[in-house]
Amino acid sequence: MTAAAPAARPGRLRATSAAVAAAALGVGAGQLVALLTGPGTGPVDAVAGRVVALTPPAIAGFATVGMGLGSRATVVAGVLIVLLVAVAGAGALSGRSDRPGTGGLVVLGLLAVLAAGTGAGAGPLDVLPGIVALVAGVSVFRRLHRLAARIPAGPVLPDGRPLRESLTRRRFLRAAGLAGAGGAAAVAGAGLLAPRLPSGRIGPARDALTARLRALAAAGRIPPAPAVPAGAQFPGGTAFATPAADFYRIDTALRVPAVDPATWALRVHGMVGRELRLTLDDLLERQLVERWVTLSCVSNEVGGDLVSTTRFTGVELAPLLAAASPDPAADQLLSTSVDGWTAGSPASLVLDPAAGALLAVAMDGEALPVEHGFPVRIVVPGLYGYVSATKWVTDIEFTTFAARADYWRVRGWAPPGPTETASRIDSPGAFASLPAGRVVVTGAAWAVPRGISRVEVGVGAPEGAGWVEAELGPVPAGGATWRMWRAELDLPAGGHTIVCRATDGEGIVQTAQQRSPLPGAATGLPARPITVT
Ligand SMILES: Nc1nc2c(c(=O)[nH]1)N[C@H]1C(S)=C(S)[C@@H](COP(=O)(O)O)O[C@H]1N2
Ligand SMILES: [Mo]
C-alpha cells in the first residue's frame, strides 16, 4: 500500500503562510480591541506612534513628520511592511518546528505591548490590544502549524498539487485563509471605524458643552466678541472668519484623542507656589471671554494655507495661572496634551494679561471640534501653534527653556520667537488668464499681534516692482487677526508675476529674502504668475 505517511513537518511554505495568516488575525484582533481602549493603542498605531516619537530628531527627513497628515500614513505603511517581512521570515524558519515562528510572534507582540504601554499619557489598559494580538497570533499560528504538520506528504503532480486531495490539506487552507482574510478585514474595518468613533463617542458630550455655552451666552455670562465689520473681506477674496470645517489642521495624533469632558482636568505644577487642578466646571464658572485670533503654523510655506482665523471662546489664562504663583525664574510654560505632545511658550508672554492667552473651549460659537482640541486647548495670540496652541491640553508645567525642550524643539525647530510679517495673494488664481486692463487682486496679510498697517502689490521682480498701495479691510476691535486687502493693477497683455508685501503695525516690512521653513518660519514674498490677454 502506498498510503502517505504523515509529514510531521509542515514545510517552509505552509509554515510561512501560517505565520502571516496568524499575524494578520492577531493584528486585526488587536486593532478591534483598540476601538475600546482608545486612539493610538492598536498594535500598528502604537508601534507607528513610538517610531515617530523615538526616531532620533537628528534624522533630517523626520524633522517634519507629524506636521503633515500624509507623513503619518507613510509611517503606518512602513510599520506594516516591516511587520510582514519579520513574520514571513520567522514563518520560513518554522518548516520543522513551530518554535521560531512562535518566538517571532511573541517578540512582535511584546513590541506592540511595550509601544502602547510606554510614552507620555499611556494608561494601564492601553496594553490590552497588544496582549490580545500576541495571544491570538501565537495560538492561531500553533494551531495552523499543527494542522499543516498533519497534511499527508502523498504523491504530487508536476505542478506541486497533491495527486489525491487530502482533507487535512483542505482544512489547513481554509483555516489559514479565514485567519488571514479575517485579520485583514478586521484591520480595515477598525481603520474605517476609528476616525468616526471619537466624535461618535464624544459627539453627545460635545453637543452638551455647546448647549451649555449657548445657555451661558444667553444669560449674559459671555460678552460677545465685536462683530466682523462690514467690508472686512472683499468680493472674490478669502472669508475673514474661517469656517470650522475649513480651519487648517496640524498635529501628531495618529488618532484624534477622545477626551471625556466629565473626567477632563488640567494640572498646573512645576515651579509654582501652589499647584492647581481645574475641571471643566471650574473653567466654566470663571469669566468667559470671546476673542478673534489668527492662528498659523510655523511650517507654512510662503503663500500657503496653514493659517486660519476664528472667534475663540475661553478663559483668560494669565489670571488663572497667576493663582499658582509661578516662580519668576520659570521662563517656560510647558503644556502637554493627553497624547503626550508638548509646547514650550515664553512664560512672561502667557502671564501678560495684555497678550490675551486663552484656555479655549469653543470656536465659532461651538465647542471645539474634536480635531481642534476638544474639550480644551491653549491659544496664545502672537505665537506659532507649535510653541503654544496645545490641543487636548491636560498639563501645564512651569519650568525653564534650559531644563526642558518641547516636542518640536527636540526635532530641530527653533524655540519660540516673534512671528514673521506675512501676506498671501488669494485672487486671481495662479496661472489665471484675464482680460487686459484693470486687474483686481485680493489677499490676506498677518503679523500677530502687531497688526497690519500697509500692503503693497507689484508686478515683476520685487526689486523692480512699481508698488501699488492696497486697500485694507477693517478688522474686529480687540482681535489679533489677519487683515484682508484689495488692489487694482493696470496690466497690458502678456505674462505677469504679481507680488505683494505687507508692513506690520510696528513698521516692519515683510522681507523679500527667501527662506524655507525649519528651523523657523518661511520668509519671502508671495508671487503669482498670471496671463493677461
Ligand atoms: N496636542 C497637540 N496640539 C497641537 C499640535 C499637536 O501636534 N498636538 N500641533 C500644534 C501645531 S504645530 C499647530 S500649527 C496647531 C494647529 O492647530 P489646529 O490644528 O487647530 O489648526 O496646533 C498645535 N497644537
Ligand atoms: Mo504648526
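Keep in mind that glycine also has a Cβ here, set from the backbone N, Cα and C atoms.
Applying DSSP to the domain 'Oxidoreductase molybdopterin-binding' (254-403) sorts its residues as follows: 25 helix, 60 strand, 65 coil. Residues or ranges marked as domain 'Oxidoreductase molybdopterin-binding' in TrEMBL: 254-403.
The annotation transmembrane segment is assigned in TrEMBL to 73-93 (among others).
Taken from TrEMBL, the feature transmembrane segment covers 105-121 (among others). Away from its own ends, the transmembrane segment (105-121) comes close to residues 19, 22-23, 26, 30, 40-43, 46-47, 49-50, 53, 83, 86-87, 90, 127, 129-131, 133-135, 137-138, 141, 336-340, 342 of its chain (Cβ-Cβ under 8 Å, at least six residues beyond either end).
If you look up TrEMBL, you'll see 127-144 (among others) marked as transmembrane segment.
Annotation comment: TrEMBL describes 172-194 (among others) as transmembrane segment. Here the transmembrane segment (172-194) has long-range neighbours at 14, 17-18, 20-29, 31-32, 34-35, 39, 42, 44, 140, 143-144, 147-148, 151, 255, meaning same-chain residues at least 6 beyond its ends whose C-beta is under 8 angstroms from one of its own.
Listed by sequence, the residues of this chain that lie at least six past the ends of the transmembrane segment (127-144) yet keep a Cβ under 8 A from its Cβ atoms are 17-19, 21-23, 25-27, 29-31, 33-34, 36-37, 41-43, 46, 98, 101-102, 105-106, 108-110, 112-117, 172, 175-176, 179. Across the residues of the domain 'Oxidoreductase molybdopterin-binding' (254-403), the predicted structure has a mean pLDDT of 96.
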